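If you check Swiss-Prot, you get these features:
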type     : residues     : note
BINDING  : Asp7, Asp139 : Mg(2+) 1 binding site
ACT_SITE : Asp7         : active site
BINDING  : Glu67        : Mg(2+) 2 binding site
ACT_SITE : Glu67        : active site
ACT_SITE : Asp139       : active site
Amino acid sequence: MRIIGIDPGLARVGYGIIEIENEKKILLDCGVIETGKDKKEEDRLYEIFKDLNELINHWNPTSAAVEKFFFYRSSTTISVVQARGVIMMVLASKKIQVSEYSPAQIKLTIAGSGKASKKEVLDAVMFSLELKKPPKPDDSADALAIALTKLNEDGIN
């Protein structure tokens, strides 16, 4: 089983890919898809589309976990929703099953509290994946937490 966790955004899309082998969680890759702020929005969305397709073609995940987006009154809301739409379209085009989780659900599953701090979530991710160093940048650590939430839901702790 191989899962990709995705933390949506327009400027940065965090991703983390975990494989289960002999009941052990193995971190295969994590990072961010960064889009240039100097580019037009449609070009940034296309960059997410292209780079996510390449990642999926390379790693062939069997399932995906994506953070749910809640509407806040913010100037970036529509851009993030558009980026999330591109992400969901790529996953659907690859016939990858998608599970969605709220930030509170992720924190509760990973760190034991729906109000856990970023550090508490990061520590739990590092413990679960037996990492010596924290994944950088933060968006990739968040994506790993999202993937771990899906694994936990599937009974893989």
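Just so you know, glycine gets a Cβ as well, placed from its N, Cα and C.
Here the structure is a predicted model, which means the values were calculated and not measured.
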Glu67 (Mg(2+) 2 binding site) in three-state DSSP notation: strand
Count of other CB atoms lying within 10 Å of the CB belonging to Asp139 (Mg(2+) 1 binding site): 24
Collapsed DSSP category at Asp7 (Mg(2+) 1 binding site): strand
Around the Cβ of the residue listed as 'Mg(2+) 2 binding site', the count of other Cβ atoms that are within 10 Å: 23
